[in-house]
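See structure below.
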Amino acid sequence: MPDLLANLNPEQLAAVTLPNEPALILAGAGSGKTRVLITRIAWLIRQGYASPPTVLAVTFTNKAAREMMARLSALLPIDTRGMWIGTFHGLCNRMLRAHYRDAGLPQTFQILDTADQLSAIKRLMKGLNVDDEKYPAKNLQYFINNAKEQGLRPKDVDATDAFNRKFVELYEAYDQQCQREGVVDFPELLLRCYELLAHNPPLRAHYQARFRNILVDEFQDTNKLQYAWLKLLAGEHNAIFAVGDDDQSIYAFRGANVGNMHDFEREFRVRNLIKLEQNYRSHGHILDTANYLIANNARRLGKNLRTDAGHGEPVRVYESATDSQEAGWIVEEIKALINTGVSRGEVAVLYRSNAQSRTIEHTLVNAGIPYRVYGGLRFFERQEVKHALAYLRLIDNPNDDTAFARVVNFPTRGIGARSIEQVADAARLYNCSMAAAVPYVTGKAGSSLGAFATLIAKMRAETQQMSLPETVEYVVRTSGLAAFYEGEREGQDRLENLQELVNAAAAFVSEEGYGLDTPARSIPLRPGATAVPEIVSDDGEIEVLDAPNIADPAQNPDTMTPLAGFLSHASLEAGDNQAQAGQDAVQLMTVHAAKGLEFTAVFITGLEEGLFPHENSAQESDGLEEERRLMYVAITRAKERLYLSFAQSRMLHGQTRYNIRSRFFDELPEGSLKWLTPKVEAGARWGGRADNAGWGRDWFARPGHERGGSSYPRDEAVSAALPAFANQQRAAESGFKVGQAVFHTKFGEGTVTALEGSGGDARAQVRFKRHGEKWLALSVAKLQAVE
DNA sequence: GTGTCAGCGCTTTTT
DNA sequence: GCGCTGACAC
C-alpha cells in the first residue's frame, strides 16, 4: 500500500514493517516517532497481520492517546474501537472495571487523585493520632506511592529502622482504609491490575492470547511497575514494539526508569533496534547545538540527529544584569519576531521552574503582548468542581469517606470539626464508613448530621432514573452549591464552572455513545451491542468465560455505569490546564511542559548555575545528566530560531541571588552560537574561579555540599540593578558619564552604559571590552576615568 | 462557624 | 515574594 508507506525514510519504513518480534525504536526528537507508531498499527492491520482487538497501544498522557486515536482513524477506514489505546492508568482502570470481583474491588470503586489521596492520608493519621510533625503526611504519601511503583505491598517493604517501620505500618493502615472505602489511588490502579494478571492464570492467558501486538510510546518514561505490567501482558510470545528516546528521559523524579530500555533490550533479546536520526524539525545550527550538548552525557544508547534543512540562523545568546532586564530583552526580541511575520503562538518562552514566569509575564503585560501560561489549576481540580464530584461520589458509593468529609459541611450546614471528629471516631469504633456512623452520633450535632444523611439519601433516591447530565445538574442545585456560589461576591466564575461540569457530563455521554436519557446509575444495555471486547478475542477464544467470576459479556456489554465512568474520567483526565485558550498568544511554560511540542522560535531563559542545571539535582544520582537531557529537550523544541539567556542577578524566594552562567554554555558548539553580549571566558569571571572555591562548578562535584546561605558570594559589591535608563541624570554626582571610557583593575577597559543611585549607593553599569557588561558599586570598584 | 494572621516552603508533573 | 495551611480569637 504505497499511500501508507509513502514519504517514510528508510529507517522509518524499516521500523513500520518489522516482523512481529520485540523491537526497540530509538526515536530522536522531531524524527517522526508518533508517525511511525501510528503507521505501524495501520500497516499491521492493512496487511492482515493484526486485527484491531489484538492491538494494545499505551501512552503516558491522555493527550497523546487522543492524538494517536485521531490520527489512526484518519489513516484507517475501519473501526478502531476494538483496540485498546490509552494511558497506563486508563487501560488498567478498564481492566479492573471488567474484572472488579477478581480484583477484589466494589463495582463502583472510585479513583483518588493526588489531592484526594493526601487528604485521605491526613484523615488516617489524625484517626491514629500520628504526629504530623514527625511523620509528615506528604512524606508518607511519597513513601506509599514509591513503594507501589516498585510493586511493593507493605509486607514486601524492607523496613530497617523504627522510622520506616512506622511508615510501613501506616502504609498498611492506609491500604485497609482505601479497601474499606472502595477507593484506589493512581499507583494502586497499576499495582492492582498487575496483581490481577499475575495471580489469575486464566485471565492472564486470555489477555496474552488477545494482545499479540503491544506498542508503547515514550518507553523511556516507564517506571518499574509499568514495565512489569507490560512484561506480564507480553508473556512468552507477544512482541512489544517500544518507541522511546533515552536522551529525552526527564521524569526520573517521578519514578521513570530509563534503565527499562536497556533491560528490555536484554530481557527480550531485541534483535530489531532501529534508530530514527533524521530530524524534520530544526535547522542545522539548532540541531548541532543539541547534539554537542547531549554528547556530554556518559550513559547513552547513542544517537546523532541530522537534518536536510540548512544551517539556518545561529543560536543567539544574551547575558543581562538582572532577571527583569532579561525579560525586557526577550520582549524586544519577540516584538522583532512578530514584525518579521512569526505569529505569537509560534513563540515559546521556556524556563526551568514556574517561579520564573512572573517577571516575564509582567514585562509582557506592560508591552501589551498576549501570552498564555501553561500549568496551574485544571478544570477537574477546581474546588467547586471537586465539591460537586464529591456529592456524586457519595451518591454512588456511601463508603467514600474522602467525599463525605469534603462536603459534609460544605456549603456550611452547622456541622463543625467536633462533630466530624465524632463521626470519624464512631466509624473507627464500628469499623464502618462515616456515612454509616452518622446514626451513632447523637445530640444536637446528631440532628444536623441526620439532616445531611437525609439529604444524601434523598439525592440518591431521586437521581435513580436520571441521565448523567440531569444528575449532575440536580446535585449542583440540591446540594446547595449553586445557591452558595450565587451568594458569594466572587462566585460567578465558580458558578460557570459548575455549569461547565454539566456540559462536560453531556459531552461525556455523547462521546461514550450512551443514549441521552440512559440512567446514570445503571449499567446500560446497548441495543445491538456486541460482546465486550475485553472478554472475547477476535478469533473466538472464549474458554476463559468458564473461569469463575468473569462477567458474562452477553449480559453486560458495558462494565461500568455512566456515572462511574464519568467519575473515573474526572480523576484520570483532570482536563485542560491552559489558561485562556483561543487567542494567538506567546506560549510560556516550563521545559518539562514543552516536551513533545515544537515552535518556530524558542527562548530558553535563566540559564544559570543553580537554576539550570538546578542546584537540587546535584544531590540526585545522575542529576546532572538529567538536567542536561532537559536542556536537550528544550533546545530541540525550536524549529528556526533559538535564543538562550541568563542574568547575573535574579530575584528568587524574596532574595536577590547572584548567579554565574550555566555550564551548559561550555558544552555548546561555538560556531553555532552568536553572542549578542560579549562572551566572558570562564576563567575571567569575577576575577577567576580559584578565589571562589566551593561554588560554581564545585557544588556539583561534591554532592550534599552546603553553600553558605542561598545567595552566592561575590567579589564585587554589585547590587541588583534597576533598568539602565533609570537615573542617568545623576551622572554629574558620581563623576562618571554614560558613554565615558573607564578602566578597571580586573576587567580592563570599558565604557559606562548606565548610572544610578548616589553617594555610597552609586552604581555604574560598564561594558568591558573583554568581560561583558557589569554593574559596579562605585564605592567599592576601582574604576578610573580614561581621558 | 468564620475570619485573621503567623509561619512555612519553595524544581520539574501525569495519572 | 507569595500562596497555602493550620492555629487561634471572636
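A Cβ is built for glycine as well, from the same backbone N, Cα and C atoms used for every other residue.
Keep in mind that this is a model prediction, so the values were computed, not measured.
Under the heading ATP binding site, TrEMBL lists A:Ala27, A:Gly28, A:Ala29, A:Gly30, A:Ser31, A:Gly32, A:Lys33, A:Thr34. Residues annotated as domain 'UvrD-like helicase ATP-binding' in TrEMBL: A:6-283. Annotation comment: TrEMBL describes A:284-596 as domain 'UvrD-like helicase C-terminal'.
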Of A:Ala27, A:Ala29 (the binding-site residues), the residue whose Cβ has the fewest other Cβ atoms within 10 Å: A:Ala29
Greatest C-beta neighbour count within 10 angstroms, which of the binding-site residues A:Gly28, A:Gly30, A:Gly32: A:Gly28
Overall pLDDT of the domain 'UvrD-like helicase ATP-binding' (A:6-283), taken as the mean: 93
Listed binding-site residues (A:Ser31, A:Thr34), ranked by Cβ neighbours within 10 Å, top entry: A:Ser31
Other residues, Cβ within 8 Å of A:Ala27, A:Gly28, A:Ala29, A:Gly30, A:Ser31, A:Gly32, A:Lys33, A:Thr34 Cβ centroid (ATP site): A:Val36, A:Asp245, A:Leu276, A:Asn279, A:Tyr280
Nonlocal residues around A:Lys33 (ATP binding site), in sequence order (Cβ under 8 Å, 6 or more apart): A:Ile25, A:Ala27, A:Asp217, A:Val243, A:Asp245, A:Leu276
Coarse DSSP state, helix versus strand versus coil, of A:Ala27 (ATP binding site): strand
A:Gly32 (ATP binding site) in three-state DSSP notation: coil
